[in-house]
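Beneath this line is the structure, given in C-alpha cells, with notes to follow.
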Amino acid sequence: MEAAHSKSTEECLAYFGVSETTGLTPDQVKRHLEKYGHNELPAEEGKSLWELVIEQFEDLLVRILLLAACISFVLAWFEEGEETITAFVEPFVILLILIANAIVGVWQERNAENAIEALKEYEPEMGKVYRADRKSVQRIKARDIVPGDIVEVAVGDKVPADIRILSIKSTTLRVDQSILTGESVSVIKHTEPVPDPRAVNQDKKNMLFSGTNIAAGKALGIVATTGVSTEIGKIRDQMAATEQDKTPLQQKLDEFGEQLSKVISLICVAVWLINIGHFNDPVHGGSWIRGAIYYFKIAVALAVAAIPEGLPAVITTCLALGTRRMAKKNAIVRSLPSVETLGCTSVICSDKTGTLTTNQMSVCKMFIIDKVDGDFCSLNEFSITGSTYAPEGEVLKNDKPIRSGQFDGLVELATICALCNDSSLDFNETKGVYEKVGEATETALTTLVEKMNVFNTEVRNLSKVERANACNSVIRQLMKKEFTLEFSRDRKSMSVYCSPAKSSRAAVGNKMFVKGAPEGVIDRCNYVRVGTTRVPMTGPVKEKILSVIKEWGTGRDTLRCLALATRDTPPKREEMVLDDSSRFMEYETDLTFVGVVGMLDPPRKEVMGSIQLCRDAGIRVIMITGDNKGTAIAICRRIGIFGENEEVADRAYTGREFDDLPLAEQREACRRACCFARVEPSHKSKIVEYLQSYDEITAMTGDGVNDAPALKKAEIGIAMGSGTAVAKTASEMVLADDNFSTIVAAVEEGRAIYNNMKQFIRYLISSNVGEVVCIFLTAALGLPEALIPVQLLWVNLVTDGLPATALGFNPPDLDIMDRPPRSPKEPLISGWLFFRYMAIGGYVGAATVGAAAWWFMYAEDGPGVTYHQLTHFMQCTEDHPHFEGLDCEIFEAPEPMTMALSVLVTIEMCNALNSLSENQSLMRMPPWVNIWLLGSICLSMSLHFLILYVDPLPMIFKLKALDLTQWLMVLKISLPVIGLDEILKFIARNYLEDPEDERRK
C-alpha cells in the first residue's frame, strides 16, 4: 500500500478489506501471500569460489605471464641433458607467483563480506498477529506476515514489517528507529494521518518501520508493506544495484598493463622476426625449427623481463603497512585499494551527529529570574563549560566562575533536573569515558547537576565510578520520587510527583516537578520563582522569558531549550487518576516557572582545525544531517564550514528544497552546496552520484542501515565504529573513534602512500625497461644470452622487491596537505618521466650487455674474442675459419651472465637511492632519511651473494663466483647511473615546471 502514512486508519482497513478486531481470514491470507510474496529479504547470490579464481586471471599481464609459463613448460619438456631441471624452474616460479596473487585476490574479495547479508540481522524471527481463525493474538513466523495483517507490538519487540499504527494501547509509544533514520533519540508515535504524501521517514510519525525496535509502549497496527517493499527492503535493492568501481590506482595499473602488453607483444614479434636469418645457424645443428624455438624462448624471456612480477606483492605490502599506520590513528581500513583512493579525496560528506559533533548532548546555557519589579523583569544568565558527558566543567556568570549553591533559583533548578529524570551517568572503565544510560536529553541534565554541585558535595576523592552520579544522589536522598506522569504529545511535557524523604528535616510538603517544551510549560505557569519567593507571572515577564528562549533557539547557537517548573501544592496522590493520560494536563497546572536550560550536541574540539586543514588541502566538506536547516547552518558556522556572516542561500538545502529543483539545478547545487539538512538516505546516494558526475572523489560517512547504499556507492565509504554491522560491511573504512579529524588524518596518510607508490612503481618499471633493452640488444646484435628468465624472475621478485617495499617508508612531503587533491586522471608516468625512465632503462640495458661483452673481450680470465666473433657466435664450429682455435662452448660460459646479473642488481640498488625523491638531489635528501631503504639494499645484495657463492644455487641460476677485479668492474659500470639521474633531476628542477606546481596554478 503506497503512502499509508497519509491515509486515515479507516482508509487503510478498507483498502485491505479487514477489521481491526478480527484480522484477515485464512482465504485473504492465502491471496495476499500469492500477490505480495513472503515477508523476507531475498538472499544475495554471491560469486562462487571458482568464479572468484577465474576473475583473478582476467588481467592482461597475468594472462601473458600464464602464457609464458605454459610455453616455458612445453619447451622444458623437450629440453635435453643437464638443463632439464633448470628449465622447469622458470615455469614453476611463474605459476607460484600467479597462484599467490590469485589467493591474495580471492581472500580480499571474500573478506569484504556482503553488506546485503548483514541486513538479515534486522529481520525479526516472529510476529504477533490477529487473524479471523483464532480469537486471541497468535505468534507466527515473521516471513508469513502479509500486507493487511493486524499486528500487535510491545516494548522490546522488533517491528516485523512496515506498519501503519491503528491504535496506541499505552500512554505513549516510543520507537528507536536510529538504524533506519539515524535519529539519536527515540521517536514518539501517534495515529493521525500525515497529510504530506512526500514526507520523509522522520516525519512519518504514524508508521513503524521493519527492523526498528519498540522502546516503550504497546500498539496495534495494520501491515502496509512487506519484504522488499519495506523501507529496509528498498535499501537492500539500492545496495544490490550498486556496482563497485575500481579505484583510481587500479584503473591506472589496468591501463598501464594494457599498454605494456601491447609493447611486449610488439617487441617479442620484432625480436623473432629480426632473427629469422639466424634460424639455420650451425649452433642450432642446421635445423630451422630448432632455431625458431631458440628465438621463441628469447621472446618468452622478453615477456618475463618486461612484466614487473613483484609489483602486485609490493603494492599489497605497501597498502597493508599503510593500513597499520592508519589503524594507529583510529582509522580501520577494510579494503586495501581504498588506502590510496583516500589520497585523491576531493569532497568529504560527513554526518553531523557524532562525527562533527560529540553526540553527547550538553547544557551550555541556563537562566533563572533575578528580580521582578512591576512589569520590569531581569534574568540571571549562566554559561556552562564542558562538551561531553564527563561531570567536569564550570558554571560561569559574566565569564567568571560562580558557586551554584549561592543562588536559590539554581538549587531548585538542579533539584528539578535531578528528579524529573530517568537517566544516569556511567563510567565505562574499559574505554575510560563517561557514557549515558537513558535518553541523551536527560543525561545532559544529569551532567549539568554534577557540574553545578549545589550542595557542595565533596567529590575530589571519589573514584570515577562513584563520581558519575554523586551530586544527583544527594538530591535524590532529600526527595523521594513517588511516580512519573509520562511525556505525551498533547502537553509536550513530563513530570514527577515527589515527597520529602523521611530523613529530610526540611519543612516542605509534596511537590510536582515539571520539564518540557517552553511554550507549553510557560502557558501553564501562573507564577515565577524569584529567589525563594514566588511572584505572579505577568504578560511582560512572560514576553521577556520567551524572547530570550527565541534568541537562544535561533542564530549561531540554535539551542534546544527546556523549561523547568514546580507545582508547589499538587493534588493528593489518591485524587489523581494515573491510567488516564488525557488528565495529566490538568495536574500540571498552576505551575511556578523556575528556569530554562539550553542544550546542544556540541561540535568536537578538534573539528574546526580539521576543516581548515581540508580547506588548505583543496577538499570541500559537506555536512549532511537529519536536523532542521536552521540548526544545521548554525553548526556549519560554528565549525567553520560557513563564515560567521557568509550568505548561504545557494549553499544550504533541505531534502525537500533539493527535490523541488530541476535535475540540472540539482547537479549544480551539489557542486556548490556545503550543507544538506533534513535529508533521507536516498538523497545521500543522489548527492554522491552528482558529485561523481563532476569527477569528484567522494568520501561519505554513515552509521545506520539507511546509509549503506550511499556508503557502497561512494569511492570511500566511512562507517562509524559505533555504527551498525550493515554500514560497516558496506564501507571501505571504519572510524574507531567516530571522529571527523580521523578522516583528515587518513586522507593525509593516503596522499603520502600514493606518493611513495608512485616512486616504487616507477623504480620497478625502470628496472624492467633495463631488462627489456638488455634482451633486445643481445638479440638484435646477435650476442650470447646475457640474462635468462630464471635470473630475471629472481631480480624482479626478490632483489628489486625489497628496496621497492622500503620506498613505501619514504617520509611524506612537508607540504602534502597544502596541495589540491590530485586528479584521478593524472597519469602515473608523464612525458618527461617516460623519457627519464627510457634514458635510465637504456643505460641499465646497455651496461648489462656491456658487462657480459667485457668478459668475452677484455677480462683476464676471459677468452679474449673479437667483436665480430662475439656477434656471429651462432656460426661457431670447429672448422669455421673465423673461429679457429676457439672452443665454441665458451659462448655458454656462466661468467658473462654473472657479470651481467651483478651489474643489473648493483645498478638497481643505485636506482633505489635515486628514487628517494622524484626531483630532489641525493645531496638534499641523503639515503639515511629512509633507514629501511638502506637495510633493504644490504639485504638484497646479501641475497645476490647467496646465489653466487652458496651451492647448489649457482648451478640453478647458471652463475659463477666473481673475483675482486670483476667486482671492481661491476662497480665502475654501475655507479655512473647515479650521476646520470642527478643530471636528469637537475634539468627537471631548473628547466621544467613541476607538474604539481602547474596544477596548483
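These residue numbers are counts, starting from 1, taken along the chain as shown.
Glycine residues also receive a Cβ, built from the backbone N, Cα and C atoms like all the rest.
Features of the protein shown, as given by Swiss-Prot:
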- 49-69: transmembrane segment (TRANSMEM)
- 70-89: topological domain 'Lumenal' (TOPO_DOM)
- 90-110: transmembrane segment (TRANSMEM)
- 254-273: transmembrane segment (TRANSMEM)
- 274-295: topological domain 'Lumenal' (TOPO_DOM)
- 296-313: transmembrane segment (TRANSMEM)
- V304, A305, I307, E309, N796, D800: Ca(2+) 1 binding site (BINDING)
- T441: phosphothreonine (MOD_RES)
- T569: phosphothreonine (MOD_RES)
- 758-777: transmembrane segment (TRANSMEM)
- 778-787: topological domain 'Lumenal' (TOPO_DOM)
- 788-808: transmembrane segment (TRANSMEM)
- 829-851: transmembrane segment (TRANSMEM)
- 852-897: topological domain 'Lumenal' (TOPO_DOM)
- 898-917: transmembrane segment (TRANSMEM)
- 931-949: transmembrane segment (TRANSMEM)
- 950-964: topological domain 'Lumenal' (TOPO_DOM)
- 965-985: transmembrane segment (TRANSMEM)
* **Contact call for the transmembrane segment (829-851) and the transmembrane segment (931-949): at least 3 Cβ pairs under 8 Å, seq gap 6+** => no
* Structure fact -> When counting C-beta pairs under 8 angstroms to the transmembrane segment (296-313), the leading stretch of 788-808, 931-949, 965-985 is 788-808
* Looking only at residues six or more beyond either end of the transmembrane segment (931-949), which have a C-beta under 8 A from one in the stretch? -> 794, 798-800, 802-803, 805-807, 809-810, 898, 901-902, 905-906, 908-909, 912-913, 916, 956-957, 959-962
* **Residues satisfying Cβ distance under 8 Å from E309 (Ca(2+) 1 binding site), sequence separation of at least 6** => L65, I94, I97, L793, N796, L797
* Specify the secondary structure state of E309 (Ca(2+) 1 binding site) as given by DSSP, simplified to three classes. => coil
* To do: Let me know the most crowded of the recorded positions, choosing from T441, T569, N796 and counting other Cβ atoms within 10 Å.
  => N796
* Structure fact -> Sequence-distant contacts of the topological domain 'Lumenal' (950-964), meaning Cβ under 8 Å and at least 6 residues beyond its ends, amount to 85-86, 89, 788, 790-791, 794, 893-895, 897-899, 901-902, 970
* Structure fact -> By a three-class reduction of DSSP, V304 (Ca(2+) 1 binding site) is assigned helix
* State the count of C-beta atoms found within 10 angstroms of the C-beta of V304 (Ca(2+) 1 binding site), not counting that atom itself. => 28
* Once the DSSP letters are reduced so that anything not helix or strand counts as coil, what is N796 (Ca(2+) 1 binding site)? -> helix
* **Contacting positions for the topological domain 'Lumenal' (778-787) when only residues 6+ beyond its ends and CB under 8 Å are counted** => 271, 274-275, 278, 295, 298, 301-302, 305, 771, 848-849, 851-853, 856, 870-874, 891-892, 896-897, 900-901, 904
